[in-house]
Amino acid sequence: MYSKLKDFVPGENTAVIITAAVIGLLAGCVIIVFHESVELVHTYIFEQGSELLRIHEGGWRRLLLPLIPMAGMILLIPLSWMWPGKVNGYGFTKFLRRVNLENGVINARNIFIKIAATAITIGSGNSAGVEGPTAQIGGALGSQFGQRLRVSGARMKVYIAAGSAGAIAGIFNAPLAGIFFAAEIILLGTYKISSFSALVVASAMSTVVSRAYYGKVVAFPIPDYHMVNPLVEIPLYAVMAVLIGLLAVAHIRFFYFVRDWFRDLSLSEYAKPIIGAFLVGSIGIVFPQVMGDGYEYIEQVLAGDGIVWVMLALVALKSVATP
């Protein structure tokens, strides 16, 4: 009798896959809440604030634009007071350290903190991206499963990576993006086939939820493109890749330079984000493309509507605004 019952008990790999599927489904739901929160804050703070200040009229009223991202940072003060060190700053490196060098135990409240803080930050027009917070939200969800199932070590990392994979796949409606992001960034490229299968399942399930809610809408619609002269274009792509790599290194170094400079300022920790928001809004007076996550402008560029000198200026200005 016991031997027959054992046949119905899932093996270790099967249990991981089933758990990853549940994590992916829940990650898709949580990411919908996250995305809608960003849109809600954007509507009621940035758009309504712009109408209230009548910034669309132009002229001297455009100088009032910095007040909106500054208001967003003021709204973050209660969260910063309740959870010091969890709201402001770049938390993705801490997340990776906890996953790969520590035990991967992440408090459930991190899900709420990241959703609220990121929604207020981006929704009020401050320059930031959703990728890092999204991966952390999904990772925190995966960690909760690991803690409830009393796993640790490699299994815990797989559940966290599955949560991050599902979250990234859901926010961009792109399962492959979630899979490879989690495999290379969260697991640092060290994984087994069973672990990779868990990422595939979690990403697929999250994408099902995302597409059921939003439809089959890609994050960045790319128009049809036909290569005219491969002998010229392919080398140019290679050169572009090298330049982007160099720009990425420069951005990372500049990011940490600004972070260290702000950290050493003899100002209140609550005042520093407000000053940063003022700088973002000041840049936004001339270059509104730096505000928010910038995805709307990326879509315009992909559609061929970008102005070359504006795009070149944004390479530098987005780096200045984002830290």
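Glycine is treated like the rest: Cβ placed from N, Cα and C.
Feature annotation from TrEMBL assigns transmembrane segment to 15-34 (among others). Tertiary neighbourhood of the transmembrane segment (15-34): same-chain residues 111, 114-115, 118-119, 130, 133-134, 137-138, 141-142, 145, 149, 155, 158-159, 162-163, 165-167, 169-171, 194-195, 197-199, 201-210, 213-214, selected by CB-CB distance under 8 Å and a gap of 6+ residues from either end.
Taken from TrEMBL, the feature transmembrane segment covers 63-83 (among others).
The feature transmembrane segment is assigned by TrEMBL to 158-183 (among others).
Counting residues 6+ beyond its ends, the transmembrane segment (195-214) has Cβ neighbours under 8 Å at 13, 16-17, 19-21, 23-25, 27-29, 31-32, 154, 158-159, 161-163, 165-171, 173-176, 178-179, 182-183, 187 in the same chain. Residues or ranges marked as transmembrane segment in TrEMBL: 195-214 (among others).
The transmembrane segment annotation in TrEMBL covers 234-258 (among others).
With a threshold of 8 Å between CB atoms, the same-chain residues lying at least 6 positions outside the transmembrane segment (270-291) that come near it are 62-63, 65-70, 72-74, 76-77, 80-81, 88, 124-127, 262, 297, 310, 313-314, 317-318, 320-321, 323. Marked as transmembrane segment by TrEMBL: 270-291 (among others).
Annotation comment: TrEMBL describes 297-317 (among others) as transmembrane segment. Tertiary neighbourhood of the transmembrane segment (297-317): same-chain residues 220-223, 247, 283, 287, 289-290, selected by CB-CB distance under 8 Å and a gap of 6+ residues from either end.
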Tertiary contacts of the transmembrane segment (234-258), as residues 6+ beyond its ends and Cβ separation under 8 Å: 90, 315, 319-320, 322-323
Beyond a gap of at least 6 residues from its ends, the CB atoms lying under 8 Å from the transmembrane segment (158-183) belong to 16, 19-20, 23-28, 30-32, 34-35, 99, 104, 106, 130-131, 134-143, 145-146, 149, 151, 189, 191, 195-196, 198-207, 209-211, 214, 216-219
